[in-house]
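> A single structure is presented below for examination.
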Amino acid sequence: MRLSMRRALLAAGLALALVLAVHLGQRVLECQAVLGGPRGPRRTMRPEQEDLMMVGADHVEYRYGKAMPLIFVGGVPRSGTTLMRAMLDAHPEVRCGEETRIIPRVLAMRQAWSKSGREKLRLDEAGVTDEVLDAAMQAFILEVIAKHGEPARVLCNKDPFTLKSSVYLSRLFPNSKFLLMVRDGRASVHSMITRKVTIAGFDLSSYRDCLTKWNKAIEVMYAQCMEVGRDKCLPVYYEQLVLHPRRSLKVILDFLGIAWSDAVLHHEDLIGKPGGVSLSKIERSTDQVIKPVNLEALSKWTGHIPGDVLRDMAQIAPMLARLGYDPYANPPNYGNPDPIVINNTHRVLKGDYKTPANLKGYFQVNLNSTSSHLGSS
């Protein structure tokens, strides 16, 4: 099993390297043509004006470029990123779609090239400057986001670990906005462990280790969010989104500059429908977001974390207190839910919501296997 997984990762890495090589090769040739050859006089390149054009099923033409207001949704896995993107997908003007998985990998590679002084020197010597790399990254990311789903007026990407690169992405796409999903780390970690959601570097046999890694990841993402600025990055608390969906979504849509639609409150009604919410058959959150917003998962972690970890919680995960959570509250008081959420929860517990026909036969396989969310450390 390990060998086949390594081979799969190696194959994915080689494929990714090939795609990037093609993009970079094109950019280098363009640069050399504009700059007068590989050793010609250096001049500032003209900014590209080319847009990506797509035609929707309604025969409407959509044009996408680096100046468009992209939306990036991210956070530590198991923090409500799938729920958030499903709600946005329910909006008639927005399309997020499933995780691409490839965008955070590409961003991690770009970061690695920048951190290595020797590698950067080699790239610069070869004419693969930061300008060339950034143009290639911009084109590649936009192409993946635009073409992995149906076109829409507003495009959104949900890959949890992309928000470790918010500052860089805001440079590539200056009008983009970011939604950082924040959830009580104890709940996120309990969900990872019980649902066996493997994440690079997280030891799923240890609450202490996972909480330490959660703290490190959310610290990086939160710092990036603050650096980008409150006008471009909005922390969204999962608990408040669940308890008060209408109030929270009004704030979110106002922040994004998108008109209100009641459809965002009923994402479960639009699953699998044209122009609605497309769900992956293999993502671990799919079996949860087919249901309406409910309280089922809010405090499931209470009573499961070892006593020694609870005792040291403030030291293990100092970001809990920084984000406004009481590290010693067990169970915590997140607030009182809206009546609609209470009603939804009663209906979910009664079993009113069934798996859509197009998704049946996959969840049991998923729950008995592992799923990797790879993030740069």
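From the backbone N, Cα and C atoms, a Cβ is placed for every residue, glycine too.
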> Which cysteine out of Cys210, Cys225 is the one Swiss-Prot pairs with Cys233 in a disulfide?
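As annotated by Swiss-Prot, the paired cysteine is Cys225.
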> Among 101-105, 291-295, 301-305, 356-360, where does Swiss-Prot put the label region 'Interaction with peptide substrate'?
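Range annotated as region 'Interaction with peptide substrate' by Swiss-Prot: 101-105.
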> With DSSP helix as H/G/I and strand as E/B, how many residues of the region 'Interaction with peptide substrate' (101-105) fall in helix, strand and coil?
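Helix, strand and coil residues of the region 'Interaction with peptide substrate' (101-105) number 4 helix, 0 strand, 1 coil.
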> Highest Cβ count within 10 Å among the recorded positions Lys158, Lys291: which residue is it?
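Sorting the candidates by Cβ neighbours within 10 Å, the top entry is Lys158.
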> Tell me the Cβ neighbour count for Asn294 (3'-phosphoadenylyl sulfate binding site), meaning other Cβ atoms within 10 Å of its Cβ, over all protein chains shown.
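Neighbour count, Cβ to Cβ under the 10 Å cut-off: 21.
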> DSSP on Asn294 (3'-phosphoadenylyl sulfate binding site), three-state: which is it?
coil
> Give the number of CB atoms, excluding that of Arg78 (3'-phosphoadenylyl sulfate binding site) itself, located within 10 Å of its CB.
28
